[in-house]
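*Asks:* This is the structure I want to talk about, given as structure tokens.
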């Protein structure tokens, strides 16, 4: 599995050229993309500026010597490469297994070309077998938890050891065990309109390419764009 993730990450790095501003994703597959960019900066003199999606990726990039800029200092990003926890047949996805979904979505939004790197196990018919992360403000989080419980979403607070995990943005994450999300777009809109929800892990209609690594090799899926 790790070998497949590495192949996907290294393949994505081939789309990066001199002078680009690039979004550096978070997670086990994006890790290999960032490593490969670091290698190219060091060995090939690749000139890029990175924008990171988590404190974890910031530390990784700094160690590798990748120059970084804050999201607030840029207007657009040429290319962002990130992982995904599930991708459905319509190229909607669930992200946030690494608890970085808010920063990931903020970086993805001004990106001209958004690429996901995954292994074949992440490609699914319907989203929802992977729990959907919902980032919520700490104030009123328990009340919101009860609302989700009443709606039948089977919520659970994301934990770190014995206490609730706190994200880089100082919020909690409630994971929803939905089983199958029949209409991710409608459910995304529902969560967008829920007071106390900062962001959710449904990335609908955002990705441009999905690089899938399997035992048979690497496939690059181009997402059809609505005309």
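Just so it is clear, glycine is given a Cβ too, placed from its N, Cα and C backbone atoms.
Since we're looking at a predicted model, the values are computed, not measured.
Positions annotated as active site, proton acceptor by Swiss-Prot: 104. Residues or ranges marked as substrate binding site by Swiss-Prot on the basis of sequence analysis: 26, 27, 28, 29, 82, 83, 84, 85, 95, 96, 97, 98, 122.
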*Asks:* Quick one: among the binding-site residues 95, 122, which has the most Cβ atoms sitting within 10 Å of its own Cβ?
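*Replies:* Highest number of other Cβ atoms within 10 Å: 95.
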*Asks:* Using a Cβ-Cβ cut-off under 8 angstroms and a sequence gap of six or more, which residues of the chain neighbour residue 82 (substrate binding site)?
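*Replies:* Set apart from residue 82 (substrate binding site) by at least 6 residues yet with Cβ under 8 Å, we have 23, 25, 26, 27, 30, 53, 95, 104, 108, 114, 115, 116, 117.
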*Asks:* Which of these binding-site residues has the least crowded Cβ, counting other Cβ atoms within 10 Å: 26, 28, 84?
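*Replies:* Counting other Cβ atoms within 10 Å of each of the binding-site residues 26, 28, 84, the minimum falls on 28.
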*Asks:* Taking every protein chain shown into account, which of the recorded positions 97, 104 has the largest tally of Cβ atoms within 10 Å of its Cβ?
*Replies:* 104
*Asks:* If you take the centroid of the Cβ atoms of 26, 27, 28, 29, 82, 83, 84, 85, 95, 96, 97, 98, 122, the listed substrate site, which other residues of that chain have their Cβ within 8 Å of it?
*Replies:* 25, 30
*Asks:* Of all the Cα pairs drawn from 26, 27, 28, 29, 82, 83, 84, 85, 95, 96, 97, 98, 122, the residues the record ties to substrate, which distance is largest, in Å?
*Replies:* 16
*Asks:* In three-state terms from DSSP, label residue 82 (substrate binding site) for me.
*Replies:* strand
*Asks:* Sort residue 97 (substrate binding site) into helix, strand or coil using the DSSP assignment.
*Replies:* coil
